[in-house]
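Take a look at the structure below.
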Amino acid sequence: MTNIIRQFLRQEAAGGLILIIAAAIALLMANSALQGVYQSFLDIPVSIKIASLDISKPLLLWINDGLMAVFFLMIGLEVKRELMEGSLAGRDKAVFPAIAALGGMLAPALIYLLFNGADEVTRQGWAIPAATDIAFALGVMALLGNRVPTGLKVFLLALAIIDDLGVIIIIALFYTQQVSLQSLGIAAAAIALLAYMNWRGVGKTSAYLLVGLVLWVCILKSGVHATLAGVIVGFMIPLHTQDQRSPSESLEHGLHPWVAYLILPLFAFANAGVSLQGVSLSGLTSLLPMGIATGLFIGKPLGIFTFSWLAVKLGIAKLPDAINFKQIFAVSVLCGIGFTMSIFIASLAFEGTDIALTTYSKLGILLGSTTAAVVGYSLLRLVLPARRKAVNVR
């Protein structure tokens with residue numbers, strides 16, 4: 001395993017533990033005497049005015065639209081690297097996790113629709129349980145230390161990256177509001193400029209980020225979700241230049257600590273603070289939260305394991321070396337941790353609707369993700385080899 005992937009896994013695992021702490025603090029504040037302080041923090045108005053450009057949003061939306069664009073920039077960089085040189089490079093490497101990820105997105109969505117397909121409003125949340133929180137999942141896996149085979153970590157990483165790519169496509173196709181053609185036209189010009197810079201071998205990361213900032217503003221104004229700008233910029237930054245430098249790798253290396261230790265925990269803190277005031281048992285067991293929780297805890301492992309097993313049995317893909325189906329099943333349960341990505345989709349799906357829908361969807365996400373984390377960890381402990389003890393040689 002390359003040093004890049006090792007460092008990635010270490011930072012994701014540590015970041016996952018910080019995520020848990022941030023979410024717990026948010027829940028405590030939202031349900032204590034500090035609720036007002038918590039809400040006031042999220043409502044802080046932040047404005048940027050440059051000439052005729054005026055963007056005014058509360059801090060919560062700057063986190064969701066702005067900082068999360070940086071997260072998706074890193075996702076774009078990661079996906080490009082893995083597709084060209086990493087765990088997804090070549091058909092043989094990519095097929096198994098790709099098929100597993102497809103099953104892990106289809107089954108949860110279908111299960112959610114079994115619960116909520118008849119309701120025109122809650123039906124919009126069908127993609128909520130389709131997401132996997134890679135940082136959280138790797139954080140739980142890290143608790144088992146060196147008992148986890150490298151191949152299993154890489155499988156989870158590859159599966160989650162493909163899952164992220166699927167979520168990006170879902171956001172672009174299904175969670176886009178009314179579109180401004182003028183803003184989209186300028187955005188298209190910015191994308192064309194980025195592509196030209198890539199073709200010409202421009203190696204200055206700052207040039208891509210400057211054009212990317214223009215792209216982010218245009219996409220924000222267009223009605224398409226602004227986080228997509230981050231993915232596009234990530235794909236456009238060259239992996240290698242003529243002088244053998246890697247602008248993409250350098251930027252990913254620089255961004256990763258900020259994303260793992262600040263941006264994602266801040267997103268979790270801003271979005272996980274669900275007030276339980278007014279929450280009833282009947283509401284908690286209603287179709288919306290139950291559809292999400294069941295989709296995450298049952299749908300994810302059902303889809304990932306079934307598609308993986310069929311792919312191997314039909315000869316479409318090969319099981320990675322030194323990994324068995326018991327371990328695949330345990331990891332597939334762990335992939336039911338949707339958390340930040342699921343909360344992000346829920347905020348898009350129920351934007352402008354009854355606040356109760358957002359509240360109960362978050363509770364469903366927390367219920368499903370927590371159950372998946374506990375059961376997934378327990379299963380991994382059972383199926384992984386015992387920790388090797390050091391032997392003193394005299």
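Cβ atoms here come from the backbone N, Cα and C positions, even for glycine.
So that you can see what the record holds, here are the features copied from Swiss-Prot:
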type: TRANSMEM; residues: 14-34; note: transmembrane segment
type: TRANSMEM; residues: 59-79; note: transmembrane segment
type: TRANSMEM; residues: 95-115; note: transmembrane segment
type: TRANSMEM; residues: 125-145; note: transmembrane segment
type: TRANSMEM; residues: 154-174; note: transmembrane segment
type: TRANSMEM; residues: 179-199; note: transmembrane segment
type: TRANSMEM; residues: 213-233; note: transmembrane segment
type: TRANSMEM; residues: 254-274; note: transmembrane segment
type: TRANSMEM; residues: 292-312; note: transmembrane segment
type: TRANSMEM; residues: 328-348; note: transmembrane segment
type: TRANSMEM; residues: 363-383; note: transmembrane segment
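Most Cβ pairs within less than 8 Å of the transmembrane segment (59-79), among stretches 125-145, 254-274, 292-312, 328-348, 363-383, belong to 254-274. With a threshold of 8 Å between CB atoms, the same-chain residues lying at least 6 positions outside the transmembrane segment (363-383) that come near it are 23, 128-129, 133, 136-137, 140-141, 143-144, 148, 272, 274, 279, 284, 288-297, 300, 324, 326-327, 329-331, 333-339, 342-343, 346.
In terms of C-beta pairs under 8 Å, the stretch of 95-115, 125-145, 154-174, 179-199, 328-348 lying closest in packing to the transmembrane segment (292-312) is 95-115. For the transmembrane segment (95-115), the list of distant contacts is 87-88, 123, 125-130, 132, 155, 158-160, 162-163, 166, 287-288, 290-292, 294-296, 298-300, 302-308, 311-312, 316-320, 328, 332, 335: same-chain residues at least six beyond its ends, Cβ to Cβ under 8 Å. Within its own chain, the transmembrane segment (125-145) is flanked in space by residues 9, 12-17, 19-20, 104-106, 108-109, 111-113, 116, 153, 156-157, 159-161, 163-164, 166-167, 170, 174-175, 260, 264, 288, 291-292, 294-296, 299-300, 331, 334-342, 344-346, 349-350, 357, 361, 364-365, 368-369, 373, 376-377, 380-381, 384, 387, which lie at least six positions past its ends and keep a Cβ under 8 Å from the stretch.
Beyond its flanks by at least six residues, the transmembrane segment (213-233) meets 53, 55, 65-66, 68-76, 168, 171-172, 175-180, 183-184, 186-187, 190-191, 194, 348 of its own chain at Cβ-Cβ distances under 8 Å. Recorded stretches compared: 14-34, 179-199, 328-348; the one with the most Cβ pairs under 8 Å to the transmembrane segment (254-274) is 14-34.
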